[in-house]
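The next block holds one structure in the form of structure tokens; read it before the comments.
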Amino acid sequence: MKLDRRLVIKILEEKIKSEGIVLGSDILKVNSFLNHQIDPFLMSQIGQAFAEKFSHENISKVLTIESSGIAPALMTSLQLQVPMIFARKHQSRTLNEEFFSASVYSYTKQTENQIAVSKRFINPGDRVLIIDDFLANGQAVQGLLDIINQAGASAVGVGIVIEKRFQAGHQLILSKNLPLVSLASIDRFEDGQVVFSKQGETSHVN
């Protein structure tokens with residue numbers, strides 16, 4: 001049965017409004033269902049929504065960054081029946097092989113991380129879908145794109161659970177002519193409340 005993506009978006013928006021906590025002018029805390037505790041039923045629906053939207057792209061890998069991108073990325077890869085890879089933010093003692101790396105600055109934590117993916121897992125010719133929990137300034141996506149380019153693979157699209165439309169990431173992705181799907185698109189924060197874009201889901205897919 002085909003998923004009603006509009007219903008998934010409505011459920012996601014209601015979750016954000018009822019459980020999300022706005023911090024300052026540009027930070028949204030969604031620890032109760034995405035960034036700390038996970039709502040598996042919602043993540044399953046989100047994965048199905050992304051998989052259906054990008055089903056025509058002949059995807060071979062799904063790529064994200066640890067840790068909050070893992071749940072939606074895994075559910076997407078399950079639907080697409082392809083492997084999911086997460087870039088590590090800290091080099092593990094077990095990651096003693098050759099790897100691709102990139103620098104990613106986190107505006108939320110005010111820190112810069114080196115992210116890494118083993119060269120065994122992304123290959124020339126791979127068609128890679130990027131999935132992440134948030135899109136703000138686009139630094140995480142840029143880092144993943146750098147890794148994909150180093151591997152000689154192709155980025156075929158970007159799927160975002162929650163987009164802060166008022167920050168620079170949206171235009172960054174579109175400037176690279178990449179298909180972008182953001183399920184919940186936030187226009188602004190006002191008096192401690194989330195104001196969603198009147199356009200609803202952001203979808204720029206070829």
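Just so you know, glycine gets a Cβ as well, placed from its N, Cα and C.
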Xanthine site partner of LEU28, ASN35 (as recorded in Swiss-Prot), chosen from LYS109, LYS119, LYS164: LYS164
Secondary structure at ALA136 (5-phospho-alpha-D-ribose 1-diphosphate binding site), reduced by DSSP to three states: coil
Which of LEU28, ALA136, ALA140, the listed binding-site residues, has fewest other Cβ atoms within 10 Å: LEU28
For LYS164 (xanthine binding site): DSSP state (helix, strand, coil): strand
